Every structure is written in C-alpha cells, then in structure tokens.
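Trainee: One structure coming up, written as structure tokens, with questions to follow.
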C-alpha cells in the first residue's frame, strides 16, 4: 500500500484554509466537505467549499436559511441556472451520506452518540498549464485525524487504523477506487478547464509581490530582519534569507502563506542577525509575477544628526549671502553720501528703494 496522504484536513467550519502546494505553472480544483454532529440540536451541520487554485468559487451550508450551493467568485455568474439546482441537490444528498458516515464511525470506534464528532473529505485534481491531468487525490478524516485515503495510483486505499480497515474492505469489494479515479482523471479535469476559462482574467493572472525588509532590535547585540511580501497572486512564492550569498534556511522563521483579504496573499520570513552586520544579509524573493527574482537588504533610515548638520550648513550659507548683500549696499550708500549727491538707480534696475532699506540693520 502507498503512504498516507499528508495531514491537511482542517475543520472548515472555522473558515480555515490550508493552502496546498502545487507545481509551478499548474492549476488545481479542490473540494472540502465537513459534517459536524450536534446531539440534541438536530441534523449534523454540513458545509462544502470549493477552490480553483487559491480562489473560493462555491459554498454550501446546511444551516443557511435556504440551503443552496452559492456563488463565491464573480466569474461563476457565467454558468447556466440549472447548474445551481444540480449542485444543490448533490450537496443535500451528500449531507445525508455523511450523516450515515458519522453514525457508522461511532460504531467502528465504539463511541457514544452523546458527543459531537466530525467527518471530512478533501478531493480534487491538478492539471498542467496546457490542461493535461497529472495528479488527483481523495482523503477522509474523522475527528480531525486521518481515516482513509486514496493512494497516488488512484487504484488502492490506505487505512489509518483498524476501524478504517472496515471501510477499506467494503470499498475494495465495491470498486470505489475505480469510480473515484474515473472522476478525478476525466470529469474533474473537464470542470477545472471550464472554470479556468471562465475565470481566466482572475485565475490566470500573476500579481507580483510588493516586498520590503523591516528591522526590529531584539537586544543590544541582536536584531531581527523580516522580509515581507504582500499583495501577490497566485499563492506560490519563495522567500530566502542569505548571508554573504549563502542560504540561511535553518535559521529562518517562515510563516505560512496566508490570504490578504482582497484576493491576494502575503508572507514573511525572518532571521536574527548580529547588530552591525545587517548589510551582510539579503532576502531573495521569487514569484511567477516577477520578471526576475528580487534581492532586498535592510535600508537604515537617514541619521538625524546628519540631517541637522545639513540644515545648519544650509542656514549658514544663506546668512553669508545675505551678509554679503548688506555689505555691498552699505558701501554704495556711503559712497553716495560722501559725494553729497543723490543715488540714482541705473536704468532697468529696481525702482522701489524700500527693499534696500529693509536690508539695513
């Protein structure tokens, strides 16, 4: 049997999204189904969210006033009206299937129905830039832990524990892997291609990151340099700190890429450096929207003392010029008074002598 798929299923009821790495130049479609039992409060709550690449495009919530599959991307307005009726019915049917799954899991794990439990699945497909299929996946989780997953070959299953082996035997006998493989390799790909065409202005764009480095003193001897990348799409990006040209991967604190709230993404990477050695560190930013990688360093702010010196020098220069003008005017004034005549300005000069008087001490 193949290895279990990564533990990426999260409780989407809280709106969390774990971004799944994809190959550069590829596209993906993913669906997340979550059913949460709530004893004494009626039917389990059932939620579906669908993503094309990093953009949510559909959502269903059984707790809505009128539960329907809903549009979450503007370009989904291009689909025919019956699409929403069909997807709503599929969602309602799946909600009932998941209700049964929750009850079955209670028996398999010998648990009481008094507590709340969660059953989830994530499935989807990925295609190359030219639309060719290259990867599919389907995995299930119970109470936040792996339950069973379709292997990489899309022909067999891996169960996480003895309880899940009951499901594995049942699905192997029913040929469930073959059914899912057919969907992932064909129907999933066809829909993904269609969505990519409808939303190409959004989904196939490449917004470059706005990047900069900030400086945060940690102590008298150390400081933290943080490299920021903001406003980029798609989500795939690389931030690498280097010291004298050598990667500092082991010493870098790197946060997960996260949504920026406006359809773009943000990320940062930080490294602690000795004070005074900041200029030896550079941040390298690579993203599909950049014509070439960015190389950034921390730019120290202008020193206040240097600014003050510059201002003082400028003021002194102005005073020297004014002093020279005053001296010239005084000499001309004294020269005119000595001859006992009146000073008459040359033709074309200033006719208002008041400006000269204002310069006198």
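Any Cβ shown, glycine's included, is placed from N, Cα and C.
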Trainee: Labelled transmembrane segment by Swiss-Prot, one stretch among 309-329, 330-350. Can you tell me which?
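Mentor: From Swiss-Prot, the annotated transmembrane segment range turns out to be 309-329.
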Trainee: Pick from 9-18, 299-308: which range does Swiss-Prot record as region 'Connecting peptide'?
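Mentor: Matching range for region 'Connecting peptide': 299-308.
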Trainee: Drop a 10 Å sphere on every Cβ of the disulfide-bonded residues 125, 227, 283 and tell me which sphere holds the fewest other Cβ atoms.
Mentor: 125
Trainee: Measure from the CA atom of residue 227 (disulfide bond) to the CA atom of residue 188 (disulfide bond) and give the result in Å, rounded to a whole number.
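Mentor: The separation of the Cα atoms works out to 38 Å.
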Trainee: Between 0 and 100, where does the mean pLDDT of the region 'Alpha-2' (115-206) sit?
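Mentor: Here the mean pLDDT over the region 'Alpha-2' (115-206) amounts to 97.
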Trainee: Distance between residue 283 (disulfide bond) and residue 125 (disulfide bond) at the Cα atoms, whole Å?
Mentor: 33
